[in-house]
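Listed features, source Swiss-Prot:
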SIGNAL    1-23  signal peptide
DOMAIN    24-150  domain 'Bulb-type lectin'
DISULFID  Cys291-Cys303  disulfide bond
DISULFID  Cys297-Cys311  disulfide bond
DOMAIN    342-424  domain 'PAN'
DISULFID  Cys374-Cys399  disulfide bond
DISULFID  Cys378-Cys384  disulfide bond
ACT_SITE  Asp590  active site, proton acceptor
Amino acid sequence: MEATNVLHLLIISLFSTILLAQATDILIANQTLKDGDTIVSQGGSFEVGFFSPGGSRNRYLGIWYKKISLQTVVWVANRDSPLYDLSGTLKVSENGSLCLFNDRNHIIWSSSSSPSSQKASLRNPIVQILDTGNLVVRNSGDDQDYIWQSLDYPGDMFLPGMKYGLNFVTGLNRFLTSWRAIDDPSTGNYTNKMDPNGVPQFFLKKNSVVVFRTGPWNGLRFTGMPNLKPNPIYRYEYVFTEEEVYYTYKLENPSVLTRMQLNPNGALQRYTWVDNLQSWNFYLSAMMDSCDQYTLCGSYGSCNINESPACRCLKGFVAKTPQAWVAGDWSEGCVRRVKLDCGKGEDGFLKISKLKLPDTRTSWYDKNMDLNECKKVCLRNCTCSAYSPFDIRDGGKGCILWFGDLIDIREYNENGQDLYVRLASSEIETLQRESSRVSSRKQEEEDLELPFLDLDTVSEATSGFSAGNKLGQGGFGPVYKGTLACGQEVAVKRLSRTSRQGVEEFKNEIKLIAKLQHRNLVKILGYCVDEEERMLIYEYQPNKSLDSFIFDKERRRELDWPKRVEIIKGIARGMLYLHEDSRLRIIHRDLKASNVLLDSDMNAKISDFGLARTLGGDETEANTTRVVGTYGYMSPEYQIDGYFSLKSDVFSFGVLVLEIVSGRRNRGFRNEEHKLNLLGHAWRQFLEDKAYEIIDEAVNESCTDISEVLRVIHIGLLCVQQDPKDRPNMSVVVLMLSSEMLLLDPRQPGFFNERNLLFSDTVSINLEIPSNNFQTMSVIDPR
């Protein structure tokens, strides 16, 4: 009887082993995975096997997405110990370790068991690839407790379900490390890692140097990542207990693929897979602009990307070295204008809003303390420099105290946080008086909206609108240079009586531009209305408009490549402000070379908001039956169907980029080899790997990095794609221009054939074409 039972158990064990061996997602103990073999997760989402990245001949054991056409590796076992032939074999040993052997049967890589696992509990260990992309070692029959898992030892990829952070009990710290290059998965220069000192936060480092800091979690998001918002793709979660602190996310729809990757160039970016394009689409970046550079403005300095210069001292502080500050070196930061009165108990706090909170490594926190008690605790400690709520939800709760200097602060237009900065009581009284005077002036300005100048004043300033003062002719009338009685030089936009800009457009331009403040937008100073006369008074830009340089055979040489690329970046920042960062969401609708002015330092200033349209906070598109704009710059969907969106401006920006690079107009472009316009010509050259041939010869000597110019051309082509959905948002454009993020291949541009512009498709549209090919046009669509 006993022998029968033993035989029965042996049969069951043998049968179970056979079933496991037949499973495509499992390896059993001592079973071998050879180069050329793979195991695939049960749902077919991920595959494990050997691969060679890019043009490399080295072999690695890795995990990649199974269902997509582009091999995307999410984890590499032997990243620093490559195989040099096809001899690699993988086994799971009886003690629960994964072992990778080379041709000499030497172990070149092995897994380490989880700190919490007990080898005594091992029984029939197996290795399995899950549909989450997690490669696990577990006991046969136990799918809950893992002996080891790849998600505990990530490489450059943050996958759904991974606990990205630190376990205080086991000491396990899960962090990202970049590849050395796109075809070399060995340990790269960049890491993104949780620092538990003070209030935990993530630090992106290049080797040992901090590049970017996320800031602490405030209950809704990291304070240094305002773009992290609830979305339909994934649901994120932050867990902070006595045992562990980590950030994780889960897919809202398992069929949607998304990943966060630390690229070899240090860019920490999220991508989503677009099936119809068969490519990864950029979705979000941790770093947005130069203000994200760690401690750019030094101690007690704050960075605002919409200001020029970007750095300024917090209220109550002054530059430590004024000369360096003026020269653009802000690294030494700021110091207190008035020393603290801590010993006398007369200090107070100034509330500063919409901030990225300072570095919290030297901070202290209490999750439950109320804000009033938080303030008292800070006042009792002379080294306490600021305080803030730990969690901003439900009106705020908890307490963070900072000790020592406040560093790495920046300002946002939205989703920033309140910080209470310690100042001497006398300093607070001074600031309150200044604030009261400023508020009074602002109220007066809001009541008046803009200063009104009478006709006589404007006429005298422009010498009676003399021909000698005329700067140029726009679509809505002439522009004159003027000098006010106070000596200030101005530009006067005088609307012609036959101008197509009616009262509506005039009011629109006043209301819009009066509310806009950005270093890359022209500043309006006042207006004049007298019977049929309507005029706008702007700050004067001595270098006039961009088109007077790039399209002029002689003056184009004054704009070398460094200046041109800065102009492109300036225009991009200005458009991003209009689309996302201003109090209003604005579509310009007439972005072109003649509407970009240049100041004395050749900084770009976007002008002419007569055609601009505002959208609601969540709107991104609208329709019109009155199409207005300029041929050569208007997007196809707008010119043909009257459909305009933020992507319409992106199209115009792309045209402008290609014009700046080439020194040629899109409209009227001629080439002996074809009948394409500039967009079509640039696209054709790009496809033939000859994009460099469109570069303006005037910048050849100053163009020391051809790859930068080719990248700008590439970005321009992405902006002018036919389908608006394919075009990037301006936030992505700014990021592409300021980083080395990977770029998708551009698709066919819109209106790339000059000869077939639109006449065959729009017979119902009555075109009203102005005599000047480069003036603003108006199309009345009767539909």
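Any Cβ shown, glycine's included, is placed from N, Cα and C.
Recorded features from Swiss-Prot, shown on the structure.
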residue	record	Cβ contacts under 8 Å, 6 or more apart
Cys291	disulfide bond	Cys303, Asn304, Ile305, Ala310, Arg410
Cys297	disulfide bond	Cys303, Ala310, Cys311, Arg312, Trp330, Gly333, Ile409, Arg410
Cys374	disulfide bond	Asp366, Tyr387, Pro389, Gly398, Cys399, Ile400, Leu401
Cys378	disulfide bond	Phe349, Cys384, Ala386, Tyr387, Leu401, Tyr420, Arg422
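Residue environment of Cys303 (disulfide bond) contains 23 other Cβ atoms, counted within 10 Å of its Cβ in all protein chains. A mean pLDDT of 93 is what the model gives for the domain 'PAN' (342-424). The helix, strand and coil residue counts that DSSP assigns across the domain 'PAN' (342-424) are 16 helix, 37 strand, 30 coil. Taking all protein chains in view, 25 other C-beta atoms sit within 10 angstroms of the C-beta of Cys399 (disulfide bond). Cys311 (disulfide bond) falls within a strand when secondary structure is assigned with DSSP. Look at Asp590 (active site, proton acceptor): DSSP puts it in coil.
Mapped onto DSSP helix, strand and coil, the domain 'Bulb-type lectin' (24-150) counts 4 helix, 54 strand, 69 coil.
There are 23 other Cβ atoms within 10 Å of the Cβ belonging to Cys311 (disulfide bond).
Look at Cys291 (disulfide bond): DSSP puts it in a helix.
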